[in-house]
Amino acid sequence: MTLVNGEPLWELDEETLAEGACGFTAADVFIKNPACVAYTYDDLIVMPGHINFGLNEVDISTNVTKNIKLKVPFVSSPMDTVTESKMAIHMALMGGIGIIHSNYSMEEQAAEVIKVKKFKNGFITDPVCLSPQNTVEDVLRIKQTLGYSGIPITQDGKMGSKLVGIVSNRDTSFVDDRTVKVREFMTPRASICVAKEGVSLEEANQILKDTKKGKLPVVNENDELVALIARTDLQKNRDFPLASKDENKQLLVGAAIGTRPDDRERAAALADAGVDVIVVDSSQGDSLFQIQIVEHLKKAHPTVDIIAGNVVTPSQALHLIQAGADGLRVGMGIGSICTTQEVCAVGRAQASAVYHVAKCARKHGVPIVADGGIKSTGHITKALTCGASCVMMGSMLAGTDEAPGEYFYQDGVRLKRYRGMGSLEAMTKGSEKRYVWEDSKEPATGAAAVKVAQGVSGAVQDKGTLRRYIPYLMQGVRHGLQDAGLKSLAEAREGIYNGKVRFEIRSPAAQKEGGVHGLHSYQKRLY
């Protein structure tokens, strides 16, 4: 508590507060709204609060679903120019989570999930094994496709078989003949340090440190391989202390599906691959089709959390919560590449959507993810102080090194391609199911129905690597919460409803004043 001359800080009188001298409560802005106006992030400004804590004390951990907690409130969007396995891996390493897009085939999407789950392991219970009869060619193929070369060798090349050796990168470095059998160059069992079944992860990690080995096989009393532990995972744990991990020390990952019947088979493949959360991806989530698939997913895959959406009103949200959704995705037509509001005349300004849906979902203990409309760290802070638990970002992440695609130059600026999943280019790859729930045909001719684009294709500027960009976003959010007098996201969400978090509506002139102005020229550097 801050004291002045030994006394607590004075409290402002109710009359002055009621006059709006310190801004207005969220209820004043969004509910007592006689003009019937919906607000975007740019319309709002958060009022400052009293600071009695340091920046490093601000806690930005949060729940993305009822059961999944993240150290960082950031989610990468399931778009084919944003999130594949590389993005999902690095989002999880930095404390957030990535949602792999569904423009892949079912098998390809499941394989992307597996790549994320295999990247950082505790006990690897299903490692790739080879037999002594395999060749150098097999080892190199595994290294090329899976990215590692430390492979246990068992009698029949299967997990659970007797351990007879191990192959590492140094064993194959000087073997020129790719047809040489593994038995000729592997490290034999007698020279391998192993741990016995029942060893704790902490004890196994200590053995790795003491022996300075790259891999530690775990065997049972019959010397049969039951697990494997990798030293690289110790290094990753040291370098990424905020990493989002499951109970098996594997990275958290999500994946998107549609609402068509064949998406049930896709969901089963994703669940088998180890996905932690499935996002039911639809531009308008309040449909019979989505309710049915959410009900199915909760019954068929009870250990996998479900984020449903997209929604922008409490009535939409309530139906999906009733169906069993563990989280909600909020936003319709407000992404930088989205034209849904223009084409369909349906949607809602994002700040209003986030506030009203969050207020409803809070009663049922369901977190919401604010999806779209994020252009700066200030917008992230506004989304979180309007009630969101996390923000989902597309264009903010599409220019990073970890996003799919190659960089190119235009007018001297380094760019990457970025497109909406409602663009015609993305729809031809499979994302039309996000906007059209059935295989529709023209009633008169029986021909395939005309695709109506609800997004555009464009380019975004290079933002560098996530390893630098995510810490910048985190620090920006911490600064915003600190300036608002909020020590944690939990306190921010409480403050929305007890009046601690206060806002004002900005006029167009105020919005202009709040940005860079009055300069002949300037250079804007993020970090």
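Quick reminder: no glycine exception, Cβ is built from N, Cα and C everywhere.
These come from TrEMBL:
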type	residues	note
ACT_SITE	Cys338	active site, thioimidate intermediate
ACT_SITE	Arg434	active site, proton acceptor
BINDING	Asp281, Ser282, Ser283, Gly331, Met332, Gly333	NAD(+) binding site
BINDING	Gly333, Gly335, Cys338	K(+) binding site
BINDING	Ser336, Asp371, Gly372, Gly373, Gly394, Ser395, Tyr418, Arg419, Gly420, Met421, Gly422, Gln454	IMP binding site
DOMAIN	123-182	domain 'CBS'
DOMAIN	186-244	domain 'CBS'
Within 10 angstroms of the C-beta of Gly335 (K(+) binding site), the count of other C-beta atoms across all shown chains comes to 26
Here the recorded positions are Met332, Cys338; the one whose Cβ sees the most other Cβ atoms within 10 Å is Met332
The rounded CA-CA distance in Å from Asp281 (NAD(+) binding site) to Gly420 (IMP binding site) is 13
Argmin Cα dist to Gly331 (NAD(+) binding site) over the recorded positions Cys338, Gly372, Gly394 returns Gly372
Sequence-ordered list of residues in the chain of Ser336 (IMP binding site) that lie 6 or more positions away and have a Cβ within less than 8 Å of its Cβ, or none, is Gly372, Lys375, Gly394, Ser395
Least crowded of the binding-site residues Gly331, Gly333, counting other Cβ atoms within 10 Å of each Cβ, is Gly333
Here the binding-site residues are Ser282, Met332, Gly420, and the Cα closest to that of Cys338 (active site, thioimidate intermediate) is found at Gly420
Check: min Cα-Cα distance from Gly335 (K(+) binding site) over binding-site residues Ser282, Ser283, Tyr418, Gly420 goes to Gly420
DSSP puts the residues of the domain 'CBS' (186-244) at 23 helix, 16 strand, 20 coil
Between the C-alpha atoms of Gly333 (NAD(+) binding site) and Gly420 (IMP binding site), the distance in angstrom, to the nearest integer, is 11
For NAD(+), with binding residues Asp281, Ser282, Ser283, Gly331, Met332, Gly333 per the record, max Cα distance (Å, no decimals) returned as 14
